[in-house]
Amino acid sequence: MGTPFKMERGVKYRDAAKTSIIKVTNIDPDRELLQKPSWMKIKLPASSAKIDSIKNGMRRHGLHSVCEEASCPNLHECFNHGTATFMILGAICTRRCPFCDVAHGKPLPPDPEEPRKLAETIQDMKLKYVVITSVDRDDLPDRGAGHFADCVREIRALNPEIKIEILVPDFRGRIELALEKLKNNPPDVFNHNLENIPRLYREIRPGADYEWSLKLLREFKAMFPHIPTKSGLMVGLGENNEEILQVMRDLRTNGVTMLTLGQYLQPSRYHLPVARYVSPEEFDEFREKAAEMGFEHAACGPFVRSSYHADLQASGGLVK
């Protein structure tokens, strides 16, 4: 009998180390992968000076970006434009979703100085719009909601003109407590991603629940009817287009007015494989359907991610 696997606190488990402890049957690192179509090619910038500057600034303040931790394909574009999505509460997630490249493990306690350091970094970068997200922190009584509120408060204290979007986890089992924590320091945009369709949740989002996520979006909107709510979906995990359209209908039924829809890309051979590549024309059709359903803003395209050009989307610009 083998020795039971024991995670060490503060250690990042990624790729094979992460997915080896997930009971997912269709991860085969030796399987033949789908060939990327021509529209999935990324053009890298000629200079990395701006990218290095942002990375060094974050390292200097001990901060993290989801752009790096989740291996976002748009990192070079966004960093070159001087924008980044900050990831609070550390870089180790208590969940182990097999599509995600963020490390899994036992996280360290939250840094009480992080809200202040974050606010100062944003001030140094002279940002007008910022997106704050986090790992899942199922180890915390409020699931990290109080830390979100502290960050919003500190950011606004130093940057009174800024617009703040928060991309939150599902606050599993603590929705009411989480919303109470956010009550006095709400964001300008509240974002929570459904990620994909309910039929695939057990496989792709272990520990999550489709109805919980809808409840979170619905109850935030009931508490703050004037604040836009937003959600994002990935395609290419085994769903079909009609199932995605049904999720979009569910979002509208629960008051969500902003949508992002992008192509899933496999971070490594130890993650869930891409089941299909959706064409740009299909993304255009999704955007048209979203408008018909009443979404005020819908960013739909192969490289669209939840915080991709979030400032442009919030102002009503076309993102694809």
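Each position is counted from 1, following the chain as shown.
Each Cβ is built from the backbone N, Cα and C atoms, and glycine gets one as well.
Per Swiss-Prot, these features apply:
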{"type": "BINDING", "residues": "C67, C72, C78, S307", "note": "[4Fe-4S] cluster 1 binding site"}
{"type": "DOMAIN", "residues": "79-296", "note": "domain 'Radical SAM core'"}
{"type": "BINDING", "residues": "C93, C97, C100", "note": "[4Fe-4S] cluster 2 binding site"}
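All features noted in Swiss-Prot, drawn onto the structure.
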| residue | record | DSSP class |
| --- | --- | --- |
| C93 | [4Fe-4S] cluster 2 binding site | strand |
| C100 | [4Fe-4S] cluster 2 binding site | coil |
| S307 | [4Fe-4S] cluster 1 binding site | coil |
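C100 ([4Fe-4S] cluster 2 binding site) sits 15 Å from S307 ([4Fe-4S] cluster 1 binding site), taking the C-alpha atoms as the reference points. Residues C93, C97, C100 make up the record's [4Fe-4S] cluster 2 site, and a Cβ search at 8 Å around their centroid adds R95, R96, P98, F99, D101, V102, H104, V135, D136 from the same chain. Separating the Cα atoms of C93 ([4Fe-4S] cluster 2 binding site) and S307 ([4Fe-4S] cluster 1 binding site) is a whole-number distance of 19 Å. Counting only same-chain residues at least 6 apart in sequence, those with a Cβ under 8 Å from the Cβ of C97 ([4Fe-4S] cluster 2 binding site) are E195, I204, R205, P206, A208. Every protein chain shown contributes to the tally, and the Cβ of C100 ([4Fe-4S] cluster 2 binding site) ends up with 22 other Cβ atoms within 10 Å.
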